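Enquirer: Structure provided below as C-alpha cells; questions to follow.
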Amino acid sequence: MTNVMDVLRERGFIDAVTSEEIRQLTNQPIKVYCGFDPTADSLHLGNLVAIMGLAWFQRFGHTPVAIVGGATGMIGDPSGKNAERQLLDEKKIQLNLKGISKNLEAILDFNHPTAPAIILNNLDWFKNFTFISFLRDVGKLFRLSPMLAKDSVKTRLNSEEGMSFTEFCYQILQGYDFLHLFENYGVTVELGGSDQWGNITAGTDLIRKVHAKPAYGITFPLLTKSDGQKFGKSEKGAVWLSPDKLSSYEFYQHLIRVEDADVINLMRMLTFLDMGEIRHYEQMMKEADYVPRTAQKRLAEEITRLVHGEEGLKIAIKVTEGVAPGSQTSLNADILEKLAADMPSCEMKLENVLNKKLIDLLVETKLQTSKSEARRLLRNGGVYINNKKIEDENHIISVECLISSRLILLAAGKKNKMIIRLMEE
C-alpha cells in the first residue's frame, strides 16, 4: 500500500472523515496535527492511538505536528465529560507539558530526513491576545447556532451540571489552533478521537470561512475493550507512558493480561506489526494447540519496546522471568534491589516482619484486602515467598524467608507481587 489512508482504514483507525478527498490529498506530502491536553505530566495508553496515527503519517512521508495545549489546557475540553474539569494553574501545566513532550519524542521521529516531527505549544499564539482583541478578531468568526449544535455542548447543556462559558469557548480555541497552523505551518489535516468531531469541524469550517480553502479532519475510534470499557486504565489507575510514573515492567504486565478478545485489535492499532503477521496470530488463536498468551506476549513486547525502548523491554522481560511464581531463577539481594525500581516495593522494619504471620503480612502490604482473602489464596496455592509456594495458613515469617537478611519477594497470585525491603533500627 502506498497511501497512508489505506493503511489506517485496514488497521481500524478511521472512525470518520470530513471528506473522502483526504485520500487524494495524501498522495503528496502534507502536514497533519493532533492536540494533546496537559491534564497530567504523562500521556497514557489510551493516548497512544493518536500518537500512532501521527507516526503512520510520518512513515508515509508526511510531517506530524503535535500541539500541547498550554492555552486550551487552562480551559478544559468538555468533549465526552459529564462535569467541568478542575482548572490547572500555569506552573502545573508547564510541568505537564515537559512530560508529554518526552512521551512524543519517544515515538515520533524528530530527526526524520524529510518530515521531522514538530511540537508546538498553543499558548505561544494565544498569550498575545487580549480579551477584547480575541472577541473582535476571533469571536466574530463563529456563529452561536452551529456551536450550540455540537453534541458535546448539547449533552452538557441538558445535564444537571450544565456548562460554563469557559468550556463553551473551548471549541473556539481549538478551531483557531487549526486556522493558525494552516496559515503559519501549512497544516491541512487534523486528527482526533471520535469525541473531537465537533472541535475539529469548528476548525475546518473556520478555515473555509476565512480563506475559502479546504481543510480536513479525521477521527479515530476511542480505544475500548470488548466489554465497552475504556482501554488504558488499570485497577490502579491510568497506564502511564512515562517510566517515572509506571515502570516498564508494570506497563508490560498490563499488556500481557489483555483479554483474548482485545489483543488483535490492539495489535492493529498500537503496533507497526505487518497485517500478515497480525492475521497469523488471529488464526493461531483459533487453533486447538494454541499456547495461551502467545499473542499477548508479542503485543506486550512490541508496545513496550515502542514506548520504553529496547532497554526498557529487556528490563521488563528480565523482571517478569525473575519474579514469576515458581520460577527456578536464582534470586539474590543485588538482583532484587535492581528489580525493585521496576516493580512494586515497600520498606518495613525487620523487627516488625520477623515472627509475623504470613496472612498478616499479605494484608499489611496490601497484596490482599483481608485476612479471609489471604487464607483463601493460601489454601488455593496462590501465595509465594521468593518464588516458593506456601500453603500453610499458619506460616510464620522467619529468617529463612529472607534473602541476604534484608529482602523478601512476596507474591499473591501471578499478577500481584511485592519486594519488601527490611530495615534495621
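Cβ atoms are placed via backbone N, Cα and C, with glycine included.
Annotations per Swiss-Prot:
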- Y33, Y170, Q174: L-tyrosine binding site (BINDING)
- K233: ATP binding site (BINDING)
- 356-422: domain 'S4 RNA-binding' (DOMAIN)
- 38-47: motif ''HIGH' region' (MOTIF)
- 230-234: motif ''KMSKS' region' (MOTIF)
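On this model, are these features tucked inside or out on the surface, and what's nearby?
Expert: Every protein chain considered, the tally of other Cβ atoms within 10 Å of the Cβ of Y33 (L-tyrosine binding site) stands at 25. In three-state terms derived from DSSP, Y33 (L-tyrosine binding site) belongs to an extended strand segment.
Mapped onto DSSP helix, strand and coil, the domain 'S4 RNA-binding' (356-422) counts 19 helix, 22 strand, 26 coil.
Taking the motif ''HIGH' region' (38-47) as a whole, pLDDT averages 91 in the prediction.
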Enquirer: I'd like the number of other C-beta atoms within 10 A of the C-beta of Y170 (L-tyrosine binding site), please.
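Expert: 24, counting other Cβ atoms within 10 Å of Y170 (L-tyrosine binding site).
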Enquirer: Do any residues, 6 or more residues outside the motif ''HIGH' region' (38-47), come within under 8 Å Cβ-to-Cβ of it, and if so which ones?
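Expert: Long-range Cβ neighbours of the motif ''HIGH' region' (38-47): 68-70, 73, 85, 88, 93, 95-100, 103-104, 222-223, 230-233, 238-242, 244-245, 254, 270.
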Enquirer: Using DSSP, what's the helix, strand and coil tally for the motif ''HIGH' region' (38-47)?
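Expert: Per-class counts: 3 helix, 1 strand, 6 coil.
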Enquirer: Taking Y33, Y170, Q174 as the record's L-tyrosine-binding set, what's the max Cα pairwise distance in Å, rounded to a whole number?
Expert: 17
Enquirer: Among all the protein chains here, how many other CB atoms are within 10 A of the CB of Q174 (L-tyrosine binding site)?
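Expert: Looking across every protein chain shown, the total is 28.
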